[in-house]
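S.K.: This structure is in structure tokens; I'll ask about it shortly.
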Amino acid sequence: MSQSTCPATDTQCVCHDPQVQKSAAACISQACSLADSLSAKNATQTACGAPVRSKTRQYYTMSVTLGVLAVALVLVRVGFKRFWSPSRSLGPDDKIILVTLALRVSGTVLNVKGLADHGLGRDVWTMSARELSTFVMWLYIMEVLYLAELSLLKLSLSAFYLSVFPGTGVRRLLWGVCAVNALFGVAFVTAAIFQCSPIHYWWTQYGEHPGRGRCININAMGWSNATMSVLIDVVMIAVPLSQISKLNLHWRRKVGVVIMFLTGTFVTVVSILRLRSLVSFANSNNPTWDQWEVAYWSTIEVNIGMICTCLPSLRLLLLRLFPRLLGSTTASGDRVSYAHASRGQTVLRSLTSLESHENELTDIENAKGSDCQSNLTKSTRVLVKSEEHP
């Protein structure tokens with residue numbers, strides 16, 4: 001108060017003097033326990049008539065809406081591949097996305113029951129120390145789930161590209177991306193689990209009895225993970241786009257393929273927006289309010305990523321359901337060629353109009369079930385992949 005011109009009895013003046021508020025907060029945090037600091041801040045804000053803020057409902061609505069949509073599209077994708085596609089089987093990318101689905105269902109439930117119901121989007125001083133500790137515990141669990149889901153999504157997309165592009169050079173690049181994704185996922189999930197010693201200190205440090213412990217630089221881990229994720233996203237967008245020029249497709253069909261692959265840029269944009277939210281990730285005095293943005297963009301990133309991985313299968317399903325509405329825009333005699341880099345060979349795949357696809361796919365399905373290893377069988381397998389993964 002000695003640094004302020006406000007009389008000690010003038011509540012309104014004291015409440016609107018930023019220097020007094022800053023000095024009081026620093027003094028209380030140094031001299032009082034966390035529980036007492038929260039109580040003092042709560043009493044001060046109440047006396048000053050500060051509004052009660054909450055963004056919990058917004059997070060709740062977004063998380064449930066996108067979570068249900070992502071889960072529904074994955075189930076449609078898997079159902080189509082298993083029961084309606086020519087191969088009637090699931091590929092490695094589908095199996096990986098099923099594991100991701102299990103984590104996403106858990107994550108959506110925990111977003112609501114763990115984070116939203118325990119203070120996310122509220123000011124920290126409206127909570128007790130015990131409530132804050134519980135919130136941070138759920139935040140810890142969601143951080144581990146987020147890192148695992150993100151890595152699995154990238155692995156699933158890499159596996160999808162491997163099933164589509166036969167060129168030796170691009171496949172080597174994709175296998176390298178798979179390896180980086182796997183190492184990236186294991187490293188960061190492990191670091192997230194053991195970022196504090198003992199592990200429970202990550203949330204008990206905010207409780208009434210914090211105990212002793214130490215943690216790594218959480219901000220550094222968050223930034224390195226987000227930066228690495230964006231770089232991998234850029235590579236995974238560039239790989240399929242680099243192959244479009246090798247396809248002899250009608251320009252309209254090429255544009256359609258490019259647009260489908262470019263939907264992945266939305267996830268990259270979300271990842272970049274999430275980077276901005278990490279500025280005060282581990283240095284906030286109001287974590288339940290400030291970390292709302294981190295949780296918000298992280299949830300959008302994972303859900304939109306799952307939705308994007310389902311778009312190729314969704315397109316095929318729509319072609320089956322609405323053949324005349326979404327039919328081919330090219331003549332039935334259009335051809336597509338893809339240069340196979342390994343032995344100078346060229347794999348030729350016929351892309352006919354939708355009306356002739358059904359008969360071709362029936363013959364191809366029979367060919368896939370044969371043990372014959374002739375060149376014709378190999379070619380038809382390539383055609384099956386092109387139809388299942390446009």
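Including glycine, each Cβ sits where the backbone N, Cα and C put it.
TrEMBL annotations: computationally assigned, not manually curated.
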S.K.: Based on the record in TrEMBL, give the one of C15, C27, C32 in a disulfide bond with C48.
M.R.: C15
S.K.: What Cα-Cα separation, expressed in whole Å, is found between C13 (disulfide bond) and C48 (disulfide bond)?
M.R.: 10
S.K.: Taking 3+ C-beta pairs under 8 angstroms (sequence gap of 6 or more) as contact, is the transmembrane segment (223-243) in contact with the transmembrane segment (295-318)?
M.R.: no
S.K.: In terms of Cβ proximity under 8 Å, which residues at least six beyond the ends of the transmembrane segment (295-318) contact it?
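M.R.: Non-local partners: 58-59, 62-63, 66-67, 69-70, 73-74, 76-77, 80-81, 84-85, 93, 97, 100-101, 104, 107, 111, 115, 120, 139, 142, 146, 149-150, 153, 156-157, 160, 260, 263-264, 266-267, 270-271, 273-274, 277, 326, 387-390.
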S.K.: Would you mind listing the long-range same-chain contacts of the transmembrane segment (174-203), meaning Cβ under 8 Å and 6+ residues beyond its ends?
M.R.: 133-134, 136-137, 139-140, 143-144, 147-148, 150-152, 154-155, 158-159, 161-162, 165, 210-216, 218, 221, 225, 228, 232, 235-236, 239
